[in-house]
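Only one structure is covered here, and it is reproduced in the block below.
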Amino acid sequence: MSLNRKDLLGLEHLDKKDLQTVLDSVKPFKSLFTRSVKKAPTLIGKTVVTLFYEPSTRTRTSFEIAAKRLSADVVNIAVNASSVVKGESLIDTGKTLEAMKADYIIIRHSLAGAPDILARNLNASIINAGDGFHEHPTQGLLDLYTMYEKKKKIEGLKVLLVGDILHSRVAKSNIWALTKMGAQVAVAGPPTLMPSKIEELGVKVYYNLDEAIKEADVVNILRIQLERQQENLFPSVHEYVELYQLTKDRLAKAKPNVLIMHPGPMNRGIEISSEVADSPNAVINEQVTNGIAVRMAVLYLLKPNKARKYASSN
Amino acid sequence: MSEIILDSQAFQNAVKKVAGDIFKDNKNISELAIVGVHNKGVCIAKRILSELAKLANVGEASINFGTLDITLYRDDLDDFGADMPVIKDTEIPFDISQKKIILVDDVLYTGRTVRASLDVLMDFGRPKSIQLAVLVDRGHRELPIEAGYAGIRRVIDGKVKVECKEIEGEDKVFVL
């Protein structure tokens with residue numbers, strides 16, 4: 001059982017077998033959550049550093065809990081209060097952390113490719129916790145696992161991603177993973193938030209949510225980044241709400257057992273109504289729980305330091 | 001060349017001996033729990049459960065039964081290459097507190113698997129006691145761990161392999 005790599009930079013580079021390996025590995029980690037002692041000594045003596053150049057609560061906390069449940073020592077670096085503000089380069093920051101014997105570095109950065117730069121220069125395992133508009137692989141894996149857990153399969157599943165596909169790293173990681181696993185992926189959103197040539201990734205494009213939702217087994221709602229509103233990428237929040245908010249009325253047009261997912265944090269009343277977010281179809285909180293188990297599995301399956309002997313970084 | 005340590009009949013006799021010895025010391029079946037260690041320990045544990053149920057004249061379902069996997073508790077994970085061991089389910093579907101646990105494995109060798117198994121069990125709660133039952137105690141201990149119950153005890157060099165009817169189609173223990 002292996003991912004045969006030291007880093008997790010994105011899902012584009014994982015093949016179907018790798019994705020299945022992760023899916024098959026999660027359950028034993030999740031079962032730890034139900035015990036009185038929710039920890040195992042698997043990573044005892046290992047050091048995990050979270051290096052976040054962008055703000056995050058849930059992803060950073062999820063990684064921290066995952067690492068602590070495997071008994072690793074965890075150091076969180078808030079970049080705003082670090083030497084980075086004095087002008088230290090990314091590679092030097094990484095090398096300093098490695099000199100302090102970090103075994104895993106979990107990085108979030110506003111620039112696509114930043115985790116890749118670290119991975120090429122360090123022996124520590126690098127995990128991408130979101131890089132620009134590129135990928136957010138552990139979110140993609142936890143979405144995949146949640147669908148797998150609830151629907152018992154991925155192949156043939158009809159998954160609809162709704163919202164800002166253009167700027168969403170979650171959407172990209174979802175598309176890579178789901179299409180490789182044999183799901184039929186569709187995207188719906190305003191034309192201004194749709195990447196050009198997105199069809200080439202094997203997805204169907206809808207601009208009308210009412211039409212798109214009818215067939216879906218899973219609807220994954222993406223967060224509307226309200227800051228994009230400043231860039232005039234959609235006419236108004238009001239219009240977005242009218243056309244693309246997942247409301248109770250729209251949900252009524254979907255299959256009765258449709259799964260509603262959201263990577264969080266939610267803008268209630270914008271991309272999703274409160275009624276839908278709290279409906280029995282929503283598995284948003286389960287995604288959060290699964291996120292910890294999936295990240296534990298990833299920490300287990302990657303091999304820091306010595307791994308360079310057996311595998312290239314991606 | 002492989003040497004047969006237990007053939008099918010001797011295998012079954014060994015399981016019966018272990019179950020009989022356990023029953024002799026633990027007449028109160030309700031406070032007992034049988035826990036098998038993946039992989040082959042689970043197979044042996046199911047056999048012991050079946051024999052115990054017969055001896056106590058109760059249904060198998062009335063004896064607590066669980067399985068555990070020690071992978072996450074191994075002390076040698078760093079020694080694995082890129083290929084990490086597959087983790088199996090650990091299922092302890094009863095409250096471990098105040099239970100007399102019979103931990104079952106196929107072969108007792110260095111004692112490291114048992115040490116890890118004890119750590120897993122302790123993380124589920126505080127059992128009244130834990131006793132160890134194995135099909136084969138082959139010696140060469142690296143940790144101070146002994147089996148209270150064993151089908152056979154014999155110092156064996158070489159690799160001991162256990163095959164179960166349920167998995168391989170035949171009960172057999174041999175040395176490679």
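Keep in mind that glycine also has a Cβ here, set from the backbone N, Cα and C atoms.
What TrEMBL records for the carbamoyl phosphate site is A:R58, A:T59, A:H136, A:Q139, A:G264, A:P265, and among A:R35, A:R108 the residue it adds there is A:R108.
Here the C-alpha separation of A:Q139 (carbamoyl phosphate binding site) and A:K86 (L-aspartate binding site) works out to 31 Å. Closest in space to A:R108 (carbamoyl phosphate binding site), of the binding-site residues given as A:K86, A:R169, A:R223, is A:R169, taking the CA atom of each residue. Within 10 Å of A:G264 (carbamoyl phosphate binding site), counting CA to CA, the binding-site residues A:K86, A:R169, A:R223 contribute A:R223. Looking at A:T59, A:Q139, the binding-site residues in this record, the fewest other C-beta atoms within 10 angstroms of the C-beta turn up around A:T59.
Helix, strand and coil content of the domain 'Aspartate/ornithine carbamoyltransferase carbamoyl-P binding' (A:6-149), in residues and according to DSSP, is 69 helix, 27 strand, 48 coil. Look at the domain 'Aspartate/ornithine carbamoyltransferase Asp/Orn-binding' (A:155-302): DSSP puts its residues at 64 helix, 24 strand, 60 coil.
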